[in-house]
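**Student:** Quick one: structure below, then a few questions.
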Amino acid sequence: MMMVARDVTRLPAGLLLAALTLAALTPRVGGVLFRGAGVSVHVAGSAVLVPGDAPNLTIDGTLLFLEGPSPSNYSGRVELLRLDPKRACYTREYAAEYDLCPRVHHEAFRGCLRKREPLARRASAAVEARRLLFVSRPAPPDAGSYVLRVRVNGTTDLFVLTALVPPRGRPHHPTPSSADECRPVVGSWHDSLRVVDPAEDAVFTTPPPIEPEPPTTPAPPRGTGATPEPRSDEEEEDEEGATTAMTPVPGTLDANGTMVLNASVVSRVLLAAANATAGARGPGKIAMVLGPTIVVLLIFLGGVACAARRCARGIASTGRDPGAARRSTRRPRGARPPTPSPGRPSPSPR
């Protein structure tokens, strides 16, 4: 010990401080790891003592895939069994079924798309939230040993959890469990709990009861707050007969199989066509068509008149036609240039 202390004192102060800081920042790994054939469980402790002021009994832990690679898509079932050593039987307190579970690192039942809980009593579990055992307002009868049975990939694993609940300061809530619900143990506890009775799996295959839909009442007509009165069967039959009588038959088939139209139907069709034609030729429709046409025509005539006025103003300002001045300066073809008079310079040819 003296040699070790002497060697430590010889280390540089900076290196010693760095080693102490690294040791302080290193997370302390604690807990117990129980290995199984399909999954393993890591818990801080398989037994828990519930304090007198604790409102809930909770044992947290994580289910892990440690034996081989974790499956990419799997399903499984998780059950919570309560042991009764005095009567050598067990009671199933909780059952859950997980389906369509993806691979999330090495944790089991994380991110499953479907979960169903066909059975839930006082004790429950939520392994996807890292909760292996949960009891709300625990009482002394809730103390004892529980077994978490996990079935996945054709394997069954058992993990024992123990809860201790002191009686002082707690109300007594008796846990009802009849002798029929407590299944007897044949042989050892391990072998009996590992073999699943087909009757126990019936809870997973039985569909949940369908809740009856609430009766619907017809909505009252808009604008009134009164509820429509129920009508008798005779009134409904009379209304149906009146509707049938008012609806004309389109036609009948003759002996040759040709459709003969009913006169009332033909007259109604002709009357509808006449009304449509008359409506199209009414004064309102004609005004709607001719109105925009007249407006466009007036705009066009106004533009033509404006252009004519501009041309007239240009001619009046010059006093003569510009085209006539250009025409007068031109010399006809074949004409001789004018003879210059004495004393005037002759025009130079252009």
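Cβ atoms here come from the backbone N, Cα and C positions, even for glycine.
Keep in mind that what you see is a predicted model, and the values were worked out from it rather than measured.
Checked Swiss-Prot, it gives:
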- 206-221: compositional bias 'Pro residues' (COMPBIAS)
- 335-350: compositional bias 'Pro residues' (COMPBIAS)
- Asn56: N-linked glycosylation site (CARBOHYD)
- Asn73: N-linked glycosylation site (CARBOHYD)
- Asn153: N-linked glycosylation site (CARBOHYD)
- Asn256: N-linked glycosylation site (CARBOHYD)
- Asn262: N-linked glycosylation site (CARBOHYD)
- Asn275: N-linked glycosylation site (CARBOHYD)
- 202-253: region 'Disordered' (REGION)
- 316-350: region 'Disordered' (REGION)
- 309-350: topological domain 'Intravirion' (TOPO_DOM)
**Student:** Which number gives the other C-beta atoms within 10 angstroms of the C-beta of Asn56 (N-linked glycosylation site), all protein chains shown included?
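**Tutor:** So the Cβ neighbour count for Asn56 (N-linked glycosylation site) comes to 10.
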**Student:** Roughly how many Å lie between the Cα atoms of Asn153 (N-linked glycosylation site) and Asn73 (N-linked glycosylation site), rounded to a whole value?
**Tutor:** 10
**Student:** Please give me the CB contact count at 10 A for Asn73 (N-linked glycosylation site), counting all chains in the structure.
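**Tutor:** Result for Asn73 (N-linked glycosylation site): 9 other Cβ atoms within 10 Å.
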**Student:** Give me the CA-CA distance between Asn56 (N-linked glycosylation site) and Asn73 (N-linked glycosylation site), in Å, as a whole number.
**Tutor:** 34
